[in-house]
Protein chains: 2
Amino acid sequence: MNPQQLLLAIPAAGVLALIYAAVTSFWIKGRDPGNERMKSIGAQIQRGAMAFLRAEYTVLAIFVAVVAVGLFLLNRNEATSDPMVALSFVLGAVASATAGFFGMRVATLANVRTAAAARTGLPPALQIAFRGGAVMGMSVVGLALLGMGSLFFLYVNKFGVDLNALDTAAESFKFGKVINVLAGFSMGASSIALFARVGGGIYTKAADVGADLVGKVEAGIPEDHFLNPATIADNVGDNVGDVAGMGADLFESYVGSIIGAMILGAIATQGAFEAAFLPLILAAVGIVVSILGTFVVRTKEGGNPQLALDAGAFGAAGVMLVLSYFIIDMFVESAGGAIKFSEFADGLTTLHLFYPMVVGLVAGVLIGLVTGYYCSKGKKPVNSIVEQSKTGPATNLIAGIGVGFESTAIPIVLIVAAIYIANLYAGIYGVALAALGMLSTTGIQLAVDAYGPISDNAGGIAEMSGLPSEVRERTDNLDAVGNTTAAIGKGFAIASAALAALSLFAAYRKLALGNTDIVLTDPEVLIGLLVGGMLPFLFSAMAMKAVGDAAMDMIEEVRRQFKDIPVLREALTLVAKAEEEDRDLTPEEDAKVQAAGKKTEVEKCVAISTQASIRRMVLPGLLAIVAPLVVGFWSAHALGGLLAGTLASGVMLAIFMSNAGGAWDNAKKQVEDQKKDMEANTGKGSERHKAAVIGDTVGDPFKDTAGPSLNILIKLMTIVAVVIAPHINPNKIEAPPAADAVEQKADDGEKADGNKTDGKKDEAKADTAKKAG
Amino acid sequence: MNPQQLLLAIPAAGVLALIYAAVTSFWIKGRDPGNERMKSIGAQIQRGAMAFLRAEYTVLAIFVAVVAVGLFLLNRNEATSDPMVALSFVLGAVASATAGFFGMRVATLANVRTAAAARTGLPPALQIAFRGGAVMGMSVVGLALLGMGSLFFLYVNKFGVDLNALDTAAESFKFGKVINVLAGFSMGASSIALFARVGGGIYTKAADVGADLVGKVEAGIPEDHFLNPATIADNVGDNVGDVAGMGADLFESYVGSIIGAMILGAIATQGAFEAAFLPLILAAVGIVVSILGTFVVRTKEGGNPQLALDAGAFGAAGVMLVLSYFIIDMFVESAGGAIKFSEFADGLTTLHLFYPMVVGLVAGVLIGLVTGYYCSKGKKPVNSIVEQSKTGPATNLIAGIGVGFESTAIPIVLIVAAIYIANLYAGIYGVALAALGMLSTTGIQLAVDAYGPISDNAGGIAEMSGLPSEVRERTDNLDAVGNTTAAIGKGFAIASAALAALSLFAAYRKLALGNTDIVLTDPEVLIGLLVGGMLPFLFSAMAMKAVGDAAMDMIEEVRRQFKDIPVLREALTLVAKAEEEDRDLTPEEDAKVQAAGKKTEVEKCVAISTQASIRRMVLPGLLAIVAPLVVGFWSAHALGGLLAGTLASGVMLAIFMSNAGGAWDNAKKQVEDQKKDMEANTGKGSERHKAAVIGDTVGDPFKDTAGPSLNILIKLMTIVAVVIAPHINPNKIEAPPAADAVEQKADDGEKADGNKTDGKKDEAKADTAKKAG
């Protein structure tokens, strides 16, 4: 196997994905965007979404520039790293932002076209919605692999690594440096992801909470009604939060898992290039499989769209699993029948590497099913919330929090089982492979995920433009489908975050402390542990408070419009009355309502959400970057504790918030499905329904702002730790004598044995600060 | 210094506290219990409370018996432990239960007498309420020291320890065994505490939520109105949750901190008895100081009761601090100017031991002030909740959760600062002393804490028995006072739990693994860490769900009575109308209402709360005991990770829940203090008020059920780990050759050097299972 050729296959796969995305987006652009009213609404949503991204990227550009300069300066004189890490960081950030921008642009084209297509039937609408999602999915994996692959190629050549001689100390040292510099790409991606998730999450929930509370609860008009000025902002929010935010999130997971596995592969395999390359190659093949999978997603009139989506996603995952076996086998053969590995005397065989991937995939699917169980209508947890809503919002909330807390248990048991088995077969490198097992078909996974908000938006547009009710039914049908796949995607996100964080954590320990252990009873570690345990709470507090404040601004604004615009006030009464009496508007009522709809001041609501979210995303984002920096430069051991503490409380908080939010959401929907009966306190408009709406509203920032951001927080903190690891190592790793540091003193030489240092406890942190090169 | 004499001083101090408690309770019994109606209500509350305790103790007796038999069997053939640990366990449980029983009995005498005394003035009412609390306080510390002191004396003599020759391996080994057997007392106390907190917490909140939601919100009658059949259950709940539950809680903290410090003292001081004795002696002196402090708490008519309470509690703490210095100095002198200590070459001097105590006390006070800030009316956090309540329950809840999350930050920073400094001066033993610094005056602290629910109950009784409004004002005044002290007590509870858990954790590591480290990147440790991080969430889920279910039963029952009892329905309308119009009832209305009050079926509500709480406390209680057992017998390293994970997420969750609950509570009160104005949406009866009541209701199980139970959970799991440590040690500690195990083989002997083993990593866990003696 020629490693140089393999190197080029990786960006090639990225390019392939981007071509697919470009072709598909042209196809979408060519579809019918519907009537004038629809076009106008679609344009409003797109304008709002793009305005948000522009504002967000302006702030992020400053942030990226500052951090890049910092990274450049920090790494000027570092033997084990290089100022090029700043380039990696910038490219990681730019690639993530580009994927978000492109994906969202296409999503905002696809939503209105999905609504338009739904006028004629389900299959064409499904096609547009799914392909819109696929553009996002392929943009993400394409830019990720193109970026990582190109940088890898660049660095291998720049540092002059001889990939066929990695078993020598000199080449191994250079190769370690390549991987370390490459980690900057992951840090860039994670930074953007965190800001995008937090900012997008604040945006979408402020708009959603505001729209729902005043519109549905107070005025009694249907969701997404065009009389509600916050509805456009709500739809914009679906795009910036659920499409762009989720895209950046998965970009980050994808890159983080791959780079985590590469670092561990480079560290643990004692100089063989195979283990470090394997993750990239698996990802490249995963792109091809994902693209093929998208062609499976099609249905006939009257067919079941659920089956189509499942066939695409699960089919791709299954094919990928089989291919993985052969790819691994090829690599193992190339390494002479077993890959040399530090913890395993006989090296790693094909099955050693394959089983962890299977275990990861199985654990991810099972966690997804458990997540689905806790959040699905008709299942015990949601039923219990519906039941407790009978006695009002307080019992609804207590029940939902209980469900969310409880839902942490089984996923954690599954995650630790995966860790246990993966570790048995291939040590901590196996844990990294388990994460990769879930994420290799991210391309199509993300397509299915992004399909959801596009369909949701299509429904909103259908409602706002007053399309016939069967159109709305079709879009609702589209929206309802894919929940299983989405739940499993959620399971993958949680499990892969935990596993990737663990593997990056192990990488950090190696890079920052060599063979010195992080000992749990060391007071510095305990201090780190407690502070780390606290950070997810503080971070969530910032996110929740931001949503609360922004939502209140939105509520005030909607109320003001409802009060101050007389025609609007009158129209609201008409709609609410018709809704109450369960009938359609009379033609003359409808005319009045239509006229009033033109008086709403939509752009004010959009501006409120944009400003609030941009301003409020900065502090929590900085927390994630500054905390590991400060703690790490105090004590590398404490930073180890910090990461462990953040993992221990952050994963739980993330699962809790996501699932409680999901369960409240479906409890509300389940109440809405009930027969309307005031005596039995069931159905829309009942006290039970009001309670369920309040629970759903509280759950919104849980599941769409704080919860998913926590996954990123955990990984961003870990990747920051990995990037700064060479600088805080109390037993500095020196370049080996054969490296270009010719003037090196003899006594430094004895310490340098490739990537490893002796396991001495750092008694004398001060006296080891000498540098080589 | 003669250690044998010191040994006897400890139970003597316990007896002194019990004499004080007995004399005071006779004094309280002799006060006027008020008119017939008051006596009848007081008797109802007392009957309900005692019925609950009987039911609870019946279940616990079975639990204690089973665990005791298990401990006996497990320790039959153990060199480093003894079957007597079962005796310690039973006595710890019995002592805690007895303190709870006695304290609550007196509290239920004191509440009605406080109400009666409030008819004449504030000072006599304060006296009765405070002394009622003092009985609880002194019962707790008295029984704790009497139990621990007597057992210590017994074991030292039974095992024939020569306290003046602890520097020999044989005596040191026996002494270690004494302390290990004594740890059973702490486990017994913690078990009872957990069940009492959880059971009491479910009881009180089910009743409270039920009473408030139906009475205040739905029927519009005042809190604690006698027409509400759940009101008696609510008052019973205050006693079983806030008095008995809190008593058991502090009993556990007190014992746990002392025993944690003793274990570390015995381990770390290399055979000197001083460090292991010091905690007990400090506690004994603390009792005397606390008793003296109670005499300071008195006020004149028109005086400020707040000052009286503060003078007692802070005065005692201050005096205790000064005395501590001299006691430590005495011990250090007795050890020859410095106590020998493993990590400090020159040993520990007086200041080495004194500073950690000061640091602990200061951190505890500061955490209390921060807690007070987050939960107090008029401060920014509560103001923000009040502000957000304007837009309804959803924003109120989001704001409250945000405040709770945020409130974890500063306390954690203060705790880690305390750990850092304490560790600097005296290693992990210093951390244990810091916990002790907070808890040495538990006697008077608890008196102030228990004073709160007694005054609260007195107010309820005044309301229910229709006493003039100035009486209720006086009891409200009493109830409002002491919040600062109570907040500081809360700060002490949180900080001491974290510090005590850390010191017990360090003790576990020594006992279970000798000098082997618990390494954070070890996959077994990571598995433990994740599972440990999850347990507090699962535990809280169980507690929350229990409250939710029980509250719903209660709500249904109250609604049923309001609907099915015609005179009651009519009376409710009259009261609600008068309340709405802000006037008193007319005499004829009052007669009707009084008559209706006799028709309420109070006992049904009491029965619902009792049954639900007893049934529902079992599962979460068992979780805390079974989890460390299962994990520990799989891997001692994983158990270390488990404890760390529980600490990292449990402390945060505890602070979050306590403070969110407290902030919601006071936000509601602040809204009630506002001017009633429907237009501005302020004051009682406004939409804002309804939102604030819902927030308060959600916060109730946070702050009174799950939150405080978590502190106990963390410590109970750790003490269970300490007790089972000898049995799961992969490098078994053997008795030294000089011990009575005469047939021991020579190759065992080389491992035994007092309490220590070599720091070998346990590569071969299986082959080290041989036992000595």
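Placement of Cβ uses the backbone N, Cα and C atoms for every residue, glycine included.
Features as listed in TrEMBL:
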type	residues	note
TRANSMEM	A:6-28	transmembrane segment
TRANSMEM	A:86-107	transmembrane segment
TRANSMEM	A:128-155	transmembrane segment
TRANSMEM	A:175-196	transmembrane segment
TRANSMEM	A:254-273	transmembrane segment
TRANSMEM	A:279-297	transmembrane segment
TRANSMEM	A:309-328	transmembrane segment
TRANSMEM	A:397-422	transmembrane segment
TRANSMEM	A:428-448	transmembrane segment
SITE	A:ALA486	site 'Determinant of potassium dependence'
TRANSMEM	A:492-513	transmembrane segment
TRANSMEM	A:525-544	transmembrane segment
TRANSMEM	A:642-660	transmembrane segment
REGION	A:733-773	region 'Disordered'
COMPBIAS	A:742-773	compositional bias 'Basic and acidic residues'
Between the transmembrane segment (A:397-422) and the transmembrane segment (A:309-328), are there at least three Cβ pairs closer than 8 Å, leaving out pairs fewer than 6 positions apart?
no
Would you kindly check A:86-107, A:175-196, A:525-544 and say which stretch has the most C-beta pairs under 8 angstroms to the transmembrane segment (A:128-155)?
A:86-107
List, by number or range, the same-chain residues at least 6 past the transmembrane segment (A:254-273) whose CB is under 8 A from its CB atoms?
3, 92, 140-141, 144, 148, 163-164, 166-168, 171-172, 175-176, 179-180, 182-183, 185-186, 189-190, 279-280, 283, 335, 339-343, 427-429, 432-433, 435-436, 439, 442, 496, 499-500, 503-504, 506-507, 510-511, 715, 719, 722, 754-755
Okay, the transmembrane segment (A:525-544) and the transmembrane segment (A:492-513): do they have at least three CB pairs under 8 Å, pairs separated by 6 or more?
no
Cβ-Cβ under 8 Å with the transmembrane segment (A:525-544): same-chain residues at least 6 beyond its ends:
198, 201-202, 518-519, 616, 619-620, 623-624, 627, 631, 635, 637-650, 653-654, 657, 701, 705-706, 709-710, 713-714, 717
Counting only residues 6 or more past its boundaries, what in the same chain has a CB within less than 8 Å of a CB in the transmembrane segment (A:6-28)?
102, 105-106, 109-110, 113, 128, 131-132, 134-135, 138-139, 141-150, 152-153, 156, 277, 280-281, 283-285, 287-288, 290-291, 294, 443
Between the transmembrane segment (A:279-297) and the transmembrane segment (A:428-448), are there three or more C-beta pairs closer than 8 Å, counting only pairs 6 or more apart along the chain?
yes
Folded-back contacts onto the transmembrane segment (A:175-196), same chain, C-beta under 8 angstroms, at least six residues removed:
56, 59-60, 63-64, 67, 71, 80-82, 84-97, 100, 144, 147-148, 151-152, 155-156, 159, 161, 163, 166, 244-245, 247-249, 251-252, 255-256, 259-260, 262-263, 266-267, 273, 276, 511, 617, 620-621, 624-625, 709, 712-713, 715-716, 719-720, 722-723, 725-726, 754-755
